[in-house]
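Asks: Pulled the feature table from TrEMBL, pasting it below:
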type     : residues : note
TRANSMEM : 27-51    : transmembrane segment
TRANSMEM : 57-83    : transmembrane segment
TRANSMEM : 95-119   : transmembrane segment
TRANSMEM : 125-145  : transmembrane segment
TRANSMEM : 166-191  : transmembrane segment
TRANSMEM : 222-243  : transmembrane segment
Amino acid sequence: MNFFEDLKLVYTKAIKDTFVKIKASPIILILPFIYGIIYAIGLFLISNLLAQTIGGLVGFVIPLLTSLILSSYFSILSDLIYYNRISFRNFKNTFMAYFASIYSIYFILMIISFLLPAFGRNQGIYLIVSAAITIALNPIAESIYISGDYYTSAYINSFEFIKENLILWTLPYLIYLVILNMFGFNFFLMITSNSIVDIPLGENLINGLNYLNPLDPYNLKILLASIITAVYAVFRGNLYRILKGSTRRKRAYMGEL
C-alpha cells in the first residue's frame, strides 16, 4: 500500500465516522460557539474585576478559566468519539474531568510564552519557532482526552505521534486554516498563537463578537467558522484514534481499518 492509498483509506474512515457522530449528536456543531461565548464573558470579568486586584497573577488565573471550559468541552468530545453520543447527565462534573491534565499543559506553555519574546526582534525566527511548536504539538488536545496523557507525557506523546503521522495529521489542519482564512480570520495569527490546547475549540475565533447587535454579519461569520471548527474537532478525534492505534505497515497488512 503506497502513501496515497493509505491516505485515502485513513481519511475515508475518519470522514465516515465524523458524519456518523455528527448525525447522532448534531448539537456538537454549536458547542464551540457556546463555549467560546462563555470563555469570552469569563475573560471579560477576570480582566475587569480581578486584574486591578491581583495584577500580574491574572496570567495564572486565565489558564484556570480556560482549563475548566476545555475540560467540559473535551469530556463531551470524548463521549462523542467513543460512544457516538453526547450526554449532559453529569454535566457539572465535566468541568473537572480533564482540568488537572489541561492546566499542567498550560503551565509548560506559560514557560514557553515567557521564552518566545526572545525572538521578538527577528520576526522570521519568531514565526518559524511558533509555527514549529504549533505543528509539533498539534495533537496535544487529543492526547489529553483520548489517550489520557498529562503534563510532560502529553508533550512527549504528541511529538512522537506527529513524527509518525506528520503529513496525515497536518494536511487537514492546514486545510482548516485556509478555510478560516477565507472567512477573514488571520492564518498566520492562528498558526503562531501557540494556543495548541484549544485548537478543537477554535482558539480565539469568538473575539470581535458583537453582543449588542446579534444580527451583525460578522457574528454570522463567527458562527459559521465555529461550526466548521466543530466538524474539524470531531474529524481530529476520529483521525487520532485511527492513527494512534495503527501504523501504515499494519494498515497495509490488514487492508482495512
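Note: Cβ is positioned from N, Cα and C throughout, glycine not excepted.
Automated prediction, rather than curation, is the source of TrEMBL annotations.
Walk me through where these features lie, including what they touch and how far apart they are.
Replies: Using a Cβ-Cβ cut-off under 8 Å and counting only residues 6 or more beyond its ends in the same chain, the transmembrane segment (166-191) has close neighbours at 3, 6-7, 10-11, 127, 130-131, 134-135, 138-139, 199, 203, 205, 221, 224-225, 228-229, 232, 235-236, 239, 243.
Residues 10-11, 13-15, 17-18, 21-22, 28-33, 36, 77, 80-81, 139, 141-143, 145-146, 161, 164-165, 168-169, 172, 176, 179-180, 183, 185, 199-202, 205-206, 208-209, 257 of the same chain lie 6+ residues outside the transmembrane segment (222-243) yet bring a C-beta within less than 8 angstroms of a C-beta in it.
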Asks: May I ask whether the transmembrane segment (57-83) has at least three C-beta pairs under 8 Å with the transmembrane segment (125-145), counting pairs 6 or more apart in sequence?
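Replies: Yes; at least 3 Cβ pairs under 8 Å.
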